[in-house]
Amino acid sequence: MTTILGVPSAVLYGQLLLGLINGAFYAMLSLGLAVIFGMMNIVNFAHGAQYMIGAMGAWLLLNYLGVGYWWALILAPLIVGAISIVIEVLLLRRLYKLDHLYGMLLTFGLALMVQGAFSNWFGSSGQPYTIPQALMGGRNLGFMFLPNYRAWVIVTSVVICLGTWYVIERTKLGAYLRAATENPMLVQAFGIRVPRMITLTYGAGVALAALAGVLAAPVYQVSPLMGADLLIVVFAVVVIGGMGSIMGAIVTGFLVGIVEGLTKAFYPEASTTVVFVVMAVVLLIRPAGLFGSKLEAAQGQPQSGLSATAPSMRTQTLIFLALACCLAAAPLVVYPGFMMKAMIFALFACAFNLVAGYGRLVSFGHSMFLGSAGYVCGHAAKIWGLSPELAILAGTATAAMLGLVTGWLAIRRSGIYFAMVTLAFAQMVYFVALQARFTGGEDGLQAVPRGMLFGLIDLSQPANLYGFVLVIFLGGFFLIMRLVGSPFGRVLKAISDHDVRAQSLGFETNRYKLVAFVLSAALAGLAGSTKAIVSQLASLTDVHWSMSGEVLLMTFLGGVGTLYGPLVGAFIVVAMQNYLAAFGQWVTVIHGLIFVLCVLAFRRGIVGELIELWHRLRRTPPAASAALREVVVAPQE
Amino acid sequence: MTDGAVYALETRDLSREFGGFFAVNGVNFRLARNSMHAVIGPNGAGKTTLFNLLTKFLPPSAGMILHDGQDVTRLSMPAMAKRSVVRSFQISAVFAGLTVRENIELALLREHGLAWNLLGRIAHHRRVLERADALLERFGLTDYAGTMAGSLSYGRKRVLELATTLALEPSVLLLDEPMAGLGHEDIGRVTQLIREAGKGRTVLLVEHNMNVVAELADTITVMVRGEVLAQGSYAEVSSRADVMAAYTGQAHE
Ligand SMILES: Nc1ncnc2c1ncn2[C@@H]1O[C@H](COP(=O)(O)OP(=O)(O)OP(=O)(O)O)[C@@H](O)[C@H]1O
Ligand SMILES: [Mg+2]
């Protein structure tokens with residue numbers, strides 16, 4: 001048997017083939033994302049869910065209606081495309097003038113709803129889908145055995161990708177599309193109905209995802225979450241390739257698949273993380289991406305009067321003291337376990353809000369700080385036998401270091417790219433946690449000892465533990481309050497308003513953003529470490545992307561960019577989890593629904609709306625903070 | 001420095017290309033210290049691009065930039081500001097989410113070494129507050145101190161931007177079309193403010209309003225299609241036939 005660099009050639013070719021297959025799906029999905037983004041400036045977070053519906057649709061058609069593979073290949077994309085057209089007309093259309101992140105949040109909510117609903121109906125385990133009769137079997141190529149279906153997938157996807165490229169780059173229709181991207185007004189003036197073109201583009205991009213789903217059904221297991229993890233890799237592909245070019249998306253998709261396949265052959269341990277490493281390297285060397293030309297779209301013009309003026313120092317101190325008293329007295333009426341959990345999540349959400357609200361750097365990967373700190377703290381307390389304060393310190397420091405490295409890379413991009421980069425890094429941390437020995441894999445780190453605080457206070461006593469969590473929460477919250485009101489906080493806010501202007505005044509804006517990001521990571525790590533001590537557990541749920549989604553939810557629901565919003569949001573979400581636990585996966589659907597409602601109806605969040613109301617009642621000029629920048633998207637020169 | 005003089009800003013064969021098109025093409029430009037220098041030229045002549053190059057908003061494709069005789073071609077935008085070369089933008093740039101007062105204070109923070117103060121309060125720094133008060137007064141913004149900058153009228157935004165820029169006490173001030181979009185009265189006022197600001201510092205401005213240019217500038221550079229067409233006093237430049245041709249040619253296009 002021949003070997004290549006120590007790897008049997010059959011294994012190598014097999015992995016290359018698998019890589020090529022994965023690459024085919026990356027290419028088709030990132031192509032759809034690029035087409036949609038180019039036309040509507042929306043990062044379609046529902047893309048993975050729509051891919052999943054394609055696959056699930058094929059499975060449903062077969063098992064419930066007896067409709068076979070070939071018809072599914074046509075029907076599923078048509079149906080999914082049609083549904084997405086309705087979504088575009090009813091929902092997405094309202095967002096085009098707002099910050100691009102709103103589109104990402106709304107489609108994220110939609111994805112949660114769809115994935116949650118499918119999980120409820122069909123369970124989250126995978127279903128097999130048999131290869132159609134005509135494509136069974138395979139042929140021996142001499143150096144390897146090539147299953148017919150796999151060959152079909154690769155050929156089909158290449159044809160589809162090149163076909164899409166041809167339509168966009170070489171036909172008259174494509175010329176209109178490209179022109180409408182550059183200058184919608186002008187194209188409109190030529191009598192082309194741009195809104196309808198946008199709608200159809202979205203439908204087509206989504207249909208492409210559904211088609212990929214049908215193609216994938218016989219290759220992978222069909223399951224409600226099959227698109228979620230895939231999408232994160234596709235985001236990394238998008239960051240690597242740059243979203244500017246259609247061909248770039250295709251080539252990068254296949255390349256990444258091949259790189260993954262090769263890694264699996266030569267160094268299997270790294271095969272799940274290699275994409276993210278490549279992404280980090282690309283960010284270092286070519287921040288705009290391999291095929292990207294310009295860094296970011298034009299900065300939007302901030303709308304008038306949208307920022308919170310902080311209440312006076314006296315008022316602030318009073319509110320803070322009242323809050324402290326309420327929280328201290330709460331265990332008399334509320335279950336202390338709930339209170340502690342809520343306070344920990346509130347600290348997490350406030351930490352997140354420090355960058356998302358005041359720095360307008362919306363991270364989709366904050367779970368990595370919560371989770372990794374929890375693991376390190378748990379490990380330090382359990383295996384090294386450190387006292388709780390030192391274990392927490394270790395966890396917090398780890399999160400800060402992680403924040404330094406990921407932040408240093410991520411702040412090279414802003415807006416939606418920042419969101420995608422942080423999400424991708426968090427996924428990398430997740431995979432490391434899944435595979436590393438010291439994290440306990442699927443089981444997590446259990447029975448973390450609570451220990452004696454400073455060798456004096458026994459944290460296994462409920463009252464002591466409660467006091468301990470209370471002090472940590474109040475301390476963290478107080479720190480954030482001071483940061484926001486400090487000169488540094490002012491600079492941070494100015495940077496988020498108008499980065500270039502801040503630079504022209506002599507502020508090295510990236511340094512401020514990085515420091516804010518590291519502080520936020522450290523505080524999130526403080527929350528994660530405390531969580532490990534309190535729950536005596538560090539597990540994969542805390543590093544999973546859905547945790548990043550939860551902290552986004554808490555913050556946006558409560559009011560991003562307001563001091564108390566994340567706190568309120570965290571209490572509501574934790575309460576929901578507690579009282580709606582019986583509904584299982586439906587909670588995810590509710591989360592998704594809240595996202596959608598927040599984006600569509602009350603972008604200021606609960607606290608933001610209350611502040612607004614207060615100002616309206618007192619007839620003072622409205623100064624409540626609006627979630628993100630509500631931009632009138634500036635014309636691109 | 002062929003003639004031995006040191007200029008506030010100097011460019012040598014400076015070029016900037018956008019996909020094959022030279023917006024600034026081999027420009028040799030000198031900004032004498034303490035002068036009030038205007039760059040004029042038809043739309044698309046490359047004036048803003050020249051500003052962007054001088055302030056490091058854009059990296060040049062070729063050529064060299066000197067500040068006080070030192071090569072600054074590779075410096076960053078904040079580094080230029082720290083060397084006291086500060087600009088305003090053609091499309092007025094204020095921090096919309098901060099109040100007028102906060103906008104001005106922001107510019108003062110860095111100078112007072114407070115920008116990295118993570119836990120303190122601006123209200124505790126008397127010196128900053130006093131200087132902010134003085135600037136508000138000088139620019140007639142006192143009544144608007146608590147207004148969100150984003151909700152100011154366009155003219156006031158321009159004044160605020162000027163105030164914020166001048167709060168840094170720059171030695172070289174670059175103003176990109178400070179009068180654009182201003183009404184008649186505002187123009188008079190801003191002209192006055194710029195003239196005052198020009199005392200003791202170097203000012204470079206891009207301006208389409210010829211009355212303002214004639215009134216303020218001691219030296220004028222005419223740019224056309226990315227190149228310097230002429231340079232001199234208002235009288236010298238305005239009497240040149242090729243300058244007139246460049247402008248009228250533009251007008252009849
Ligand atoms: N980022 C860019 N990408 C591509 N082309 C650009 C870019 N910036 C400027 N240009 C082009 O360079 C040329 C010069 O533009 P610039 O803005 O410097 O002109 P200007 O003299 O300031 O004009 P105006 O008087 O209208 O402000 C224009 O043709 C413009 O289209
Ligand atoms: Mg200009």
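From the backbone N, Cα and C atoms, a Cβ is placed for every residue, glycine too.
Any TrEMBL annotation is an automated prediction that lacks curation.
Features as listed in TrEMBL:
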| type | residues | note |
| --- | --- | --- |
| TRANSMEM | A:12-35 | transmembrane segment |
| TRANSMEM | A:42-62 | transmembrane segment |
| TRANSMEM | A:200-220 | transmembrane segment |
| TRANSMEM | A:232-259 | transmembrane segment |
| TRANSMEM | A:266-285 | transmembrane segment |
| TRANSMEM | A:317-335 | transmembrane segment |
| TRANSMEM | A:342-361 | transmembrane segment |
| TRANSMEM | A:390-409 | transmembrane segment |
| TRANSMEM | A:416-436 | transmembrane segment |
| TRANSMEM | A:465-484 | transmembrane segment |
| TRANSMEM | A:554-574 | transmembrane segment |
| TRANSMEM | A:586-606 | transmembrane segment |
Lying 6 or more residues past either end of the transmembrane segment (A:266-285) yet within Cβ distance under 8 Å of it, the residues of that chain are 5, 7, 233, 236-237, 239-240, 256, 259-260, 409-410, 412-413, 421, 424-425, 427-428, 431-432, 434-435
Same-chain Cβ contacts of the transmembrane segment (A:42-62) under 8 Å, 6 or more residues past its ends? 29, 32-33, 36, 68-69, 71-73, 75-77, 79-80, 84, 87, 92, 95, 100, 103-105, 107-108, 110-111, 114-115, 118, 122, 127, 129, 202, 205-206, 209-214, 216-217, 220, 222-231, 234, 416, 419-420
Given the transmembrane segment (A:342-361), which of the listed stretches A:232-259, A:317-335, A:416-436, A:554-574 has the most Cβ pairs that are under 8 Å apart from it? A:554-574
The answer for the transmembrane segment (A:200-220), taking Cβ pairs under 8 Å and residues 6+ beyond its ends, is 21, 24-25, 28-29, 31-33, 35-36, 39-40, 44, 46-48, 50-59, 69, 72-73, 76-82, 84-85, 88, 92, 126, 129-132, 149-150, 153, 156-157, 160, 164, 177, 226-227
Sequence-remote contacts (6 or more beyond its ends) of the transmembrane segment (A:317-335), Cβ cut-off under 8 Å? 311, 343, 466, 470, 473-474, 477-478, 481, 564
Counting only residues 6 or more past its boundaries, what in the same chain has a CB within less than 8 Å of a CB in the transmembrane segment (A:390-409)? 280, 283-284, 365, 368-370, 372-378, 380-381, 384, 421-422, 425, 429, 451, 472, 513-514, 517-518, 520-522, 524-526, 528-530, 532-533
Sequence-distant contacts of the transmembrane segment (A:232-259), meaning Cβ under 8 Å and at least 6 residues beyond its ends, amount to 16, 19-31, 33-35, 37-38, 47-48, 161-162, 164-165, 168-169, 274-276, 278-279, 282-283, 288-294, 413, 417, 420-421, 423-424, 427, 545
